[in-house]
Amino acid sequence: MHTNSLNWRWPRKAQLLITSAILLLQNFLPISQIFAEATSSVHIVYLGDKISHNPETTKMHHLKMLSSLLGSKEAARSSILYSYKHGFSGFAARLTKSQAEEIAKFPEVVSVIPNRIHKLHTTRSWDFIGIHHSSSKSSFTESNLGEGTIIGVIDTGIWPESESFNDEEMGQIPSKWKGVCQVGEQFNSTNCNKKIIGARWFLKGLTDHTKKIILGNDTNEFLSGRDAIGHGTHTASTAAGYFVKNASYRGLAHGLARGGAPLAHIAIYKACWGLPIADCADADILKAFDKAIHDGVDVLTVSLGVAIPLFSYVDQRDTIAIGSFHATAKGISVVCSAGNSGPISQTITNTAPWIVTVAATTIDRAFRAGITLGNNHTLWGQSIDTGKRNLGFVGLTYSERVALDPTDDFAKDCQYGSLNATMAAGKIVLCFSLSDQQDIVSASLAVKKAGGVGLIYAQFHEDGLNQCGVFPCIKVDYEVGTQILSYIRRARFPTASLSFPKTVIGKWTSPRVASFSSRGPSSMSPTVLKPDIAAPGVDILAAFPPLGTTKNSGFALLSGTSMSCPHVAGIAALIKSKHPTWSPAAIRSALVTTASQSGTDGSVISEEGSTYKAADPFDIGGGHVNPNEALDPGLIYNITTEDYIHFLCSMGYSDESISKVTKTAKKCKKEKDQGLNLNLPSISVPNLKKSAKVMRTVTNVGNITSVYKAIVKAPYGIKMRVEPQILSFNSKSRVLSFNVSFFPTQKLHGGYKFGSLTWTDGKYFVRTLIAVRTIQS
């Protein structure tokens, strides 16, 4: 949910189309309500944990509090939008600035949060990471493919008619389910089934914030759980889509489509809307969390995130951290996207320790398209444009040669209106990207306007492909672009022919960290190593609404950490199905400690940002997700809500704030290295001076009687000592603790260095990643 970038990378043309989408509201919200009180705005009054197990009692308490502020019950009822009464306590209401300041002084109020607007952050990917699902139920594995679990999706809704959401051979809806199939525009109770077992939509926070927008009938949105954008449909089917044979995007990426947990049930919480591009309001997001907790989901996939700078986890405005804290306390695993601001360091979001934060990687699939020059030399790029084209040779030119104004540089990267139509007409145009303000889709519109018939777009490395649609577009790197330019400069009449793209699998070393994937360390809590894990997020094929007039197969290729997030959510459902009593921390531990650090060629996983290097934990966390190993991890690191409270104490939050959030009479005690001892499956020491000692506790979930030995790989310039070095488990000793001490061997300030501690009994290899930064006083 970035305000400066999307966690879902989509073509600019499509973004412009969505900008025109506005919601139909006249029959649902009175105009007087939308435009009333120009000086008021929505604020979230957060009261912490529930004060009562009776939701109606909690709601009446909220109205009483608001009535005492506003002077009457009528004013309170008119002001309030939502009452949060299931997973936590609080309400969203229209308040003036002075009223918000006044209610913040009430003794039981933790914080008053202004309602902000945020942005949203397959056929091959599951095979690539080792889940070889068959479409035959008779061959289902021991994990039952997530059978009996419920994945909640906080996103843009769902397209229920997609083949991915049929309920063939689905099990019965779990008896614990308390949700509903909320009806609305083009969405009724029959759109739910044994796959989509619930759908809710939340709009009040967004409509109040955007009350100046004229709302009418010319909209692509639906006042219901129906997805008008496609993001929610894509993420839901990635996590838990059922088997769909012969799926493809215009013939590309052809194969058997399915989600990670094909037999898991899906619950939809539509909190993001096309106003103008996938906007999500804090008030609506919190209500989605509140209802998901009430309804009984097991896993939540949330491809959203706040923007840098981050807010603190308790006292301020990170509504995802707040909502996910209460969900985790109720036993729900919350999986979130890391953000799309990479490859710059310290850009990662969703850094709270109770969240599973997911980075994005590539898979071993590409869509190669040939560029045959007039000298019969063929160079290669990538494309997903499969429309009609002249397969013969046509004129080829460089954009600077056909500039409308040769004295400026706008034509170099083919900015709109910069090309001479007389000179560019009928030709393939080569453009070079000069800034992040221009992309292949925008360049294609400029070339099309000038009468061009094709585009070759040379740019710095950036993962993910966009469809131009108007005519053939092929993306190449600067090296290939320079070779083509050299040919243009030498040839008297340069020509080229562009081939259709073809799907190629297994020809490139993968996975590689996606260029856009946000990087650690966490700027809010550097003792919490983020991201936790990495998963496929580049050119992922999944279900998509048949939007627009262009023929659509019901599937689309999208890239972003929004796509990697539901991969891990699906795997979390598999683990939950096999181990129903495991806590969210245990599930996260299983994912992190079993992750892979090797690519398909046996070398370490790489990342390609400003430079090419081996990926480190700030790129991929524990590594690339390994679902088969995660189902049987050997040892787990467990964390209780009380442990998280100790962590909040270490962050310097007041006793009063923590007590209000958790409804415990917590008195924080100052302890040495308190922030380092949260029982995470990783260790991050951001400020090592003379020494530091870290304690961890592991629970044996493998062989009852087993002996684990420590394998230490110390970070460069750091001495590590593990005590004890052997852990012996039996029926009476299932939980054991150990200490890790760190000592710097160099008297210099340094950047982070990385290592690992692996516990092994010969069968299991439980890897704990380590990051240490030396600070000399």
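Keep in mind that glycine also has a Cβ here, set from the backbone N, Cα and C atoms.
Here the structure is a predicted model, which means the values were calculated and not measured.
If you check TrEMBL, you get these features:
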- 42-121: domain 'Inhibitor I9' (DOMAIN)
- 146-599: domain 'Peptidase S8/S53' (DOMAIN)
- Asp155: active site, charge relay system (ACT_SITE)
- His231: active site, charge relay system (ACT_SITE)
- Ser562: active site, charge relay system (ACT_SITE)
- 677-772: domain 'Subtilisin-like protease fibronectin type-III' (DOMAIN)
Note = In DSSP terms, the domain 'Inhibitor I9' (42-121) comprises 30 helix, 27 strand, 23 coil
Key: Tally of residues which DSSP labels helix, strand or coil - the domain 'Subtilisin-like protease fibronectin type-III' (677-772)   = 0 helix, 61 strand, 35 coil
Inquiry  = Going by a 10 angstroms cut-off between Cβ atoms, which of the active-site residues His231, Ser562 has the sparsest surroundings?
reply    = His231
Request  = Could you tell me the mean pLDDT over the domain 'Peptidase S8/S53' (146-599), as a whole number?
outcome  = 90
